[in-house]
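Here's the structure we're looking at; comments come further down.
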Amino acid sequence: MRALRTPGPLARRLLLRVLAFSLCFTLLAGGVQLYLEYRREMHDIDTRLELIRSGYLASFERSLWDLNQVQLNVQLHGLVDFPDIAWASLASPDFNLIQGDIQAPGPLRVEHFPLGYQPPDGEQRALGELVVAIDLGAIYRRLWLGGLSNLLWMGLFLCGLAVALSWLFHSLVTRHLERMAEFAGRMAGGDLQRPLRLDKRIRAEDDEIDTVAHALDDMRQALGEERAELQRQVERRTDSLRRAKDEAEAANQAKTRFLATMSHEIRTPLNGILGMAELLRDAPLGELERKRLHALYKAGEGLLAVLNEVLYFARLEDGASLPEPLDFELGELLDEVLTLLEPRAAGNATQLSLHLDPAVRQRCRGAEQLLRQVLSNLVANAVKFTEGGEVRLEVSLLAEEGEAQRLRFAVVDDGIGIPEAVQARIFERFTQASEEVARRYGGSGLGLAISKRLVEAMGGCIGVQSREGEGSTFWFELELLPASAPASVVAPVPRTDRALRVLLVEDVPLNREVAEGLLKRDGHSVWLAEDAEPALRLCREQVFDLILLDMHLPGMGGVELCQAIRAQADGRNREVPILAFTASVQPALVRRYFDAGMQGVLAKPLRVDDLRRALAELHEPGAEAPADGVLDEQVLATHRELLGEHRVRELFGILRESLAQQLPMLHEALRAEDSTEAASLAHRLAGSCQSMGLRGLGDCLHALEEAALAGEPLQGWAEKIDAQRAAAEPHLQP
Ligand code: ADP
């Protein structure tokens with residue numbers, strides 16, 4: 001029934017077509033029928049006239065011959081009674097009779113019948129004329145009415161038929177089509193679970209609709225299977241990708257570990273070798289030995305440079321951060337870069353020159369270290385690949401944007417040049433122009449890759465123009481800001497004048513000798529110990545001015561040894577400054593050294609200046625950094641010295657974020673009196689705060705952890721923590 005109320009467009013179209021067809025058919029059939037009726041009527045009239053001619057004329061002639069008017073009138077009347085005869089008249093010399101409806105509106109068909117008489121013995125004589133008028137108008141009206149009513153009935157019948165047909169069509173076809181369309185829509189929307197069900201009786205033999213429905217449902221099943229297979233495939237791929245990613249990460253970590261080990265295993269002894277070589281320079285040596293020593297030093301330096309390059313690139317790959325921007329003199333930096341490379345250029349009979357655009361600002365602020373490294377790389381390459389030629393370092397001003405100057409640095413040489421085909425990938429790592437260049441000139445193929453990364457890290461871009469055999473121009477563009485402070489005189493490294501008694505505890509002989517040599521050269525007395533046992537013995541025997549402790553000793557480690565020295569019964573060295581002598585300078589470890597009772601950290605590889613500065617700070621009055629309730633300045637100063645201001649700010653940033661994230665959780669745990677959660681959160685935050693020297697907040701969190709673990713009530717702690725957090729705020733500002 002719903003179908004009848006809202007027939008679909010197809011059923012509607014069918015209905016309209018059937019109606020139109022019915023109309024045409026009805027009209028045509030009506031027309032044909034009308035025509036046949038008309039013919040029949042006309043034929044009837046002819047028959048009637050014929051009947052009059054054959055049956056009536058003789059009696060009229062006789063009555064006329066007899067001059068019987070009454071009879072004639074009766075006969076005329078009889079004629080008028082014939083159907084459709086409008087009137088009949090008789091005209092003769094004796095009579096003029098007329099019967100019927102003379103006013104009939106017509107049209108009329110008028111027939112004239114001559115009347116005559118032939119007596120048996122005489123000649124045919126004309127007596128008059130009979131005229132009969134047939135009312136065609138009445139016939140037409142009858143035909144019209146009959147045709148109209150036929151048309152009406154037929155129309156009604158055909159309309160009924162059309163409606164019935166379209167209802168049938170809808171119930172047999174279109175409603176199933178609609179269901180199938182809806183089903184196909186569901187499939188397109190991804191629903192492949194529900195099968196297609198038509199609202200129709202199941203018959204023994206499938207009709208066309210059943211065939212289409214089966215085909216559609218088969219399609220649904222096929223799609224469903226395909227999708228399941230695809231899903232399985234995606235899952236398998238995702239799994240293998242995840243595995244590959246895990247493996248890649250593991251490989252990456254292994255690489256980092258390997259490089260870290262390399263750094264420790266190779267760099268430390270190499271620094272030892274270089275340190276020894278430096279010490280030997282002061283020894284009385286013959287000319288030959290001096291030359292050999294120089295060669296040893298140079299080879300070691302070269303090895304260190306390659307090693308540093310590899311390590312540096314690994315650090316860059318791991319996303320090392322930009323160094324703190326510094327104020328610097330650009331002219332000085334350029335001079336230094338060229339001066340350092342002057343000997344190499346002279347060795348290649350190559351002339352170095354500098355062209356500095358006078359419009360370029362002298363005192364700038366930026367990543368001086370990176371700029372120096374990129375320029376050194378490019379000029380060193382230019383010198384390396386140019387024999388008996390000229391290398392020009394040109395710096396020009398491209399544009400001024402606000403305070404910043406956009407500069408173009410170009411290193412122009414007339415050396416061997418680079419084939420065009422290689423130029424596009426010369427900045428990729430481990431890429432060299434050719435096998436022959438690699439064999440002849442050596443190198444790691446990393447210098448340009450590092451330079452590109454550094455220039456990009458400074459927000460600039462780098463490129464090359466070159467022609468094989470004619471020379472190359474390596475250029476880069478970047479923005480430099482003006483210096484933030486006026487030029488100042490650099491303070492010289494402080495030195496202590498006192499000769500100190502130093503105990504050095506270190507298990508690696510090379511490191512021991514380097515440190516000993518450097519200390520002795522500055523006039524200090526040095527006692528050596530390989531591990532904890534001789535160290536403790538020496539401490540029992542005498543008082544030192546300073547103890548340097550390696551942190552990775554065999555057996556008892558440096559931290560425990562420090563505690564043991566402080567706890568010795570005679571207490572001779574209870575107050576003596578102890579420095580951690582180590583390459584492990586992560587904040588959390590540094591914090592542990594201080595907690596164990598050390599006064600500072602001396603980073604490996606050992607540099608003379610660092611050693612001198614540390615000794616001076618420990619032994620000059622007022623040199624020691626204060627430690628107030630809020631902040632442990634000593635720890636912080638050490639971090640700054642070892643890691644640099646930039647990295648320390650980064651670490652504070654990380655701490656600020658963890659506080660912002662976890663303090664609300666801690667407050668929540670305190671409100672809920674959840675001791676376990678509070679202890680765990682306090683523990684985590686306390687460690688981070690103490691590592692960064694936030695003593696007040698760190699200690700308060702630590703105390704809270706202990707109280708929570710002891711099951712004490714937790715009211716009042718939230719306020720204490722907030723107060724310490726507020727006190728630490730100035731140090732956490734970015
Ligand atoms: P390395 O010099 O250690 O091999 P680089 O990355 O610094 O690595 O240089 C990559 C290659 O680019 C060099 O091996 C050399 O083929 C080519 N190259 C770099 N600078 C120049 C230059 N100024 N002239 C000619 N070739 C150069």
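Cβ atoms here come from the backbone N, Cα and C positions, even for glycine.
Predicted, not measured: the structure shown is a model, and the values here were computed from it.
Record features, source TrEMBL:
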COILED    213-261  coiled coil
DOMAIN    171-228  domain 'HAMP'
DOMAIN    644-734  domain 'HPt'
MOD_RES   ASP550  4-aspartylphosphate
MOD_RES   HIS683  phosphohistidine
Applying a 10 Å Cβ distance cut-off over all chains shown, what neighbour count does the residue listed as '4-aspartylphosphate' have? 25
Looking only at Cβ atoms, how many others are within 10 Å of the one on the residue listed as 'phosphohistidine'? 16
Quick note, ASP550 (4-aspartylphosphate) and HIS683 (phosphohistidine): C-alpha atoms separated, nearest Å, by 29
DSSP on HIS683 (phosphohistidine), three-state: which is it? helix
May I have the DSSP-based helix, strand and coil counts for the residues of the domain 'HPt' (644-734)? 75 helix, 0 strand, 16 coil
What DSSP reports for the domain 'HAMP' (171-228) is 39 helix, 0 strand, 19 coil
For the domain 'HPt' (644-734), report the average pLDDT of the model, please. 87
